[in-house]
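Taken verbatim from TrEMBL:
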type     : residues : note
DOMAIN   : 45-304   : domain 'G-protein coupled receptors family 1 profile'
TRANSMEM : 32-59    : transmembrane segment
TRANSMEM : 71-92    : transmembrane segment
TRANSMEM : 104-125  : transmembrane segment
TRANSMEM : 146-169  : transmembrane segment
TRANSMEM : 189-212  : transmembrane segment
TRANSMEM : 253-274  : transmembrane segment
TRANSMEM : 286-307  : transmembrane segment
Amino acid sequence: MNSTLDGNQSSHPFCLLAFGYLETVNFCLLEVLIIVFLTVLIISGNIIVIFVFHCAPLLNHHTTSYFIQTMAYADLFVGMSCLVPSLSLLHHPLPVEESLTCQIFGFVVSVLKSVSMTSLACISIDRYIAITKPLTYNTLVTPWRLRLCIFLIWLYSTLVFLPSFFHWGKPGYHGDVFQWCAESWHTDSYFTLFIVIMLYAPAALIVCFTYFNIFRICQQHTEEISKRQARFSSQSGETAEVQACPDKRYAMVLFRITSVFYILWLPYIIYFLLESSTGHSNRFASFLTTWLAISNSFCNCVIYSLSNSVFQRGLKRLSGAMCTSCASQTTANDPYTVRSKGPLNGCHV
């Protein structure tokens, strides 16, 4: 990232993936295709998630829906912010100078992904409280406390990365598609350590601790239920199926989302730590780990749609409502079509 272009390439645009440049189009083709493809997936996927949550009241019965919607909005903003490097790679004139643009872009994406990371930690805490304190859960976790928690998530995420504007160092590699970010804005080992201590390490430890205890407690509950049912069936002579802990099924959905998040972010974090400690950098590794991590903004939509039956019903109702709306418009425009007097399908589950 810190190397400069050769003299015979001075007329070429700056490309992190040098082999993605084509003379015929005069821009970084491979980078543009990857970023635009991810941008479209992230924006469309999270818009669908947000609409389904608004159209499916049953999804809002879980307090975790507050945090999942927060993540969906944060991921949507990530997708929208990805339009900035796309315009830069297409040589579209930027509204401000490149140095400030890449700083703002790197800061915004870092904050948004921090919101997702802390939201996942809060979700695990919420499920842990629901399992360990079921009788007092409704008094401990109230709507106004959840809103306050979400506000603090955004505030904390902003404050963690704010020092990047005061020459503490680069918060990440999200802006490296800009030449100034890649060549003139360097990481700092102390600032990296600060981010790890304030964000990465606490979030990871909280998630590991809470989910380990959630599954341990659910396993204990399942064993107790199976023993009671075995005792009852031996007395009555009937066999009964052992039902799994209902909280465990929902926790598994959230655990999958959390696991995929950290799997996709692990290469980025490792590269971030290595470059900060050694000073060595690689353009290809920087681009690959960065956009692999950003792709997580779309993966959340896929995991939730495949794992949550209520979400699937809400998605079907939403698509059905859209089809009904399109059909009603077609019917209204066609004078020969007999119109139905029945009510249109809503999107409520």
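In case you wondered, yes, glycine gets a Cβ from its N, Cα and C as well.
With respect to Cβ pairs under 8 Å, the transmembrane segment (32-59) is most closely packed against 286-307, considering the stretches 189-212, 253-274, 286-307. Mean pLDDT across the domain 'G-protein coupled receptors family 1 profile' (45-304) comes to 80 in this model.
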